[in-house]
Amino acid sequence: MMKGVSFLVTLAILALASSIASAYDPSPLQDFCVAINDIKSGVFVNGKFCKDPAMVSANDFFFSGLNIPGNTGNKVGSNVTLVNVDRLAGLNTLGISLARLDFAPYGLNPPHTHPRGTELLVVIEGTLLVGFVTSNPNKLFTKVLNKGDVFVFPIGLIHFQFNIGETAALAFAGLSSQNPGVITIANAVFGSVPPINPDVLIKAFQLDKNVVEYLQKAFAPN
């Protein structure tokens, strides 16, 4: 009998310890934490210092300019205007950000990942071919989107958007992080600083040395 009681008590303690170890705050513990760079007048929270609430104004939660088309006159024919915590201080600790995506005809937002955020995309104008690739095995999920269509890209997975129309396209995206980050695959692999050893890339991508050297020059930062 005592052994049984002892076992149940031990089990209860382990269960309680487990619940405490796995507990966390699912949301901010304050109404807001407007980001500030001045460490003398702030408290460090979630990667940023908090502005004194008494000094906060409506402008800390305001951003203007997403009505202005981005410049798509580049090699890929697209432009992403990101509104994250660095551009809108009031986003700090709120776990959300926003982006405007402009596409020239046949413009591409190249394969990339957001290591800290899921992306929800809505097409405002044009026709986009979008897709993402799962972790091993690498299955492609792809869809053609038209005006008003919505598509979600799971956190951390490689994805892309390609304007398959003859006119400009526009989309907006919400991301589940105040600073989701972006890793553009080609730039990261062939344009890192310092460069990745060419022998690594030759073997990894099964490419000729001349091709690897060409790509590293093409993607080298200006």
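Every residue, even glycine, has its Cβ placed from backbone N, Cα and C.
What TrEMBL lists as signal peptide is 1-23. Taken from TrEMBL, the feature disulfide bond covers C33-C50. If you look up TrEMBL, you'll see 64-213 marked as domain 'Cupin type-1'. The oxalate binding site feature in TrEMBL is assigned to N109, H114, E119. Positions annotated as Mn(2+) binding site by TrEMBL: H112, H114, E119, H159.
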Of H112, H114, H159, the binding-site residues given in the record, which has the fewest other CB atoms within 10 A of its CB?
-> H112
What other residues of the same chain, not counting N109, H114, E119, have a CB atom within 8 A of the CB centroid of the oxalate site?
-> A99, H112, T113, L121, F153, H159, Q161, A173, L175, P180, V182
Listed recorded positions among C33, C50, H159 whose Cα sits within 10 Å of H114 (oxalate binding site) = H159
Pop the Cα-Cα gap between H159 (Mn(2+) binding site) and C33 (disulfide bond) into the table, whole Å please.
-> 31
Distance [Cα-Cα, Å, rounded] between E119 (oxalate binding site) and H159 (Mn(2+) binding site) | 10
If the Mn(2+) site is taken as the center of the Cβ atoms of H112, H114, E119, H159, which further residues of that chain fall within 8 Å of it by their Cβ?
-> T113, G117, F132, F153, L157, I158, P180, V182
Do me a favour and check the Cα-Cα span between N109 (oxalate binding site) and H159 (Mn(2+) binding site); whole Å is fine.
-> 9
Across the disulfide-bonded residues (C33, C50), the Cβ with the fewest other Cβ atoms inside 10 Å is that of C50
Binding-site residues listed as N109, E119, least Cβ neighbours within 10 Å | E119
Alpha-carbon spacing, C50 (disulfide bond) to H112 (Mn(2+) binding site), which is rounded to whole Å = 31
Mind checking how the domain 'Cupin type-1' (64-213) divides into helix, strand and coil residues in DSSP?
-> 22 helix, 57 strand, 71 coil
